[in-house]
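**Student:** Reproduced below are the annotations present in TrEMBL:
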type     : residues                       : note
DOMAIN   : 37-287                         : domain 'Deacetylase sirtuin-type'
REGION   : 85-118                         : region 'Disordered'
COMPBIAS : 89-104                         : compositional bias 'Basic residues'
ACT_SITE : HIS163                         : active site, proton acceptor
BINDING  : CYS171, CYS174, CYS196, CYS200 : Zn(2+) binding site
Amino acid sequence: MSGDSSSSTNTCLGYASRLSAYPHKGVTGLPEREDTARVLKPKLARLAELVRSARGVVALTGAGISTAAGIPDFRGPKGIWTLEDEGKKRKRRESKNGTSRRRRRDDDEDVSGASFESAAPTTTHMALAALAEAGKLTLCATQNVDGLHFASGLPRAKLAILHGCVFTEKCEACGSEYVRDHDVGGISFKPTGRACDEPCGGVLRDTVLDWEDDLPEEEWDRTEAAFRDADLALCLGTSLRITPAADLPLSAKRFVIVNLQETPHDRQAALVIRAKVDAVMSFLLAELNLALPPAPAR
C-alpha cells in the first residue's frame, strides 16, 4: 500500500497499514513484567559497572523506547501485531459460533498513537545521544522507523537505520539522503515523486522496508562490524524477534537486555533488566555523571 503525507499515514498504525500481508510476525502479546525494587537495584549497579568498564558500547533499539513518546509498539499487550492477532482469533471464534457479535470499538480505535510528526524524543533517545557525545557509544542501530533518533540530535555517523525511516527519502543515483518534516509515504523503495537536489537529479525513493526486503547493505555492514568489535551491546526496548537484527547482540562480547517482555536471547545475556527503559537510562546517565541534554527542536 502506497501512502502520502496526509494525516491518515502519519501514525504508527498508518505505517503498519502500508506493510504487505505477512503471516510470520512471530510471538505477540507476551506478558510484561517489572523487577521489584529489591531486584532492580543491584541490576542497575551492575549495568553501570558494565558500561563504565567497556571500551566500546553499541545499542540496538526497538519500538519499546518510543512508547513513552506516545507511539504504540508492535508486540506489547496493546501492540499493533498483538491487537491484529486478537482480532483474527475473535473473528474465528465468531465464525465458529455462527454469530456476529458487535465489537466495543473498531480495531483501529484500539491502537492509540501519537503522530510521527508530533512525537518528541524520549529520555532514552536523549540518553543515547549523551552517551554518543561523551564518546561512550560508538553506534546505535535501530529497528524503528519513527525518526526520533534523528530528532534527538544523535549524529548520523553513529546511527544505523536498519528498517528505514518514514521521514527519509534517498536518491537512487548518488545516495544523498533527505530527512523531511513529514512522513514521505510509500514503502519498499517506491519513488516519492521528487528529484535529488544534486546535479545528478536522481529519483528519490522512500527508505522503509517491507517484510521481505533486504536490509540496506551499507547500514548492515557497518552495524555488523560495530557489534563484533563491541565490548558491550545494550538491547533497549526490543523483543529481539525480527531477524537478522535480533541476532546482532550475539556477536558482541557481552550484551544487556532492557525489556518488559521476555526475549529469545534472555539466557545468553549478561544481564536482563525488566524495567521501563527511560528509568534505566536515567539511572545510567546519573551513575556516569552525564547530564541528560534537552531535546532539540523537531
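Cβ coordinates come from backbone N, Cα and C, glycine included.
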**Student:** Take the C-alpha atoms of HIS163 (active site, proton acceptor) and CYS196 (Zn(2+) binding site) and report the distance between them in angstrom, rounded.
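**Tutor:** Cα-Cα distance, HIS163 (active site, proton acceptor) to CYS196 (Zn(2+) binding site): 22 Å.
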**Student:** I need the neighbours of the Zn(2+) site defined by CYS171, CYS174, CYS196, CYS200. Which other residues of that chain put their C-beta within 8 angstroms of the C-beta centroid, in sequence order?
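**Tutor:** Output for this site, in sequence order: GLU172, ALA173, GLY175, SER176, ASP197, GLU198, PRO199, GLY201, GLY202.
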**Student:** Across the domain 'Deacetylase sirtuin-type' (37-287), what does the pLDDT come to on average, as a whole number?
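**Tutor:** Mean per-residue confidence for the domain 'Deacetylase sirtuin-type' (37-287): 89 out of 100.
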**Student:** When a 10 Å sphere is centred on the Cβ of CYS174 (Zn(2+) binding site), how many other Cβ atoms does it contain?
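**Tutor:** Around CYS174 (Zn(2+) binding site), other Cβ atoms within 10 Å: 12.
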**Student:** Please compare the binding-site residues CYS196, CYS200 by how many other CB atoms fall within 10 Å of each one's CB, and tell me which has the fewest.
**Tutor:** CYS200
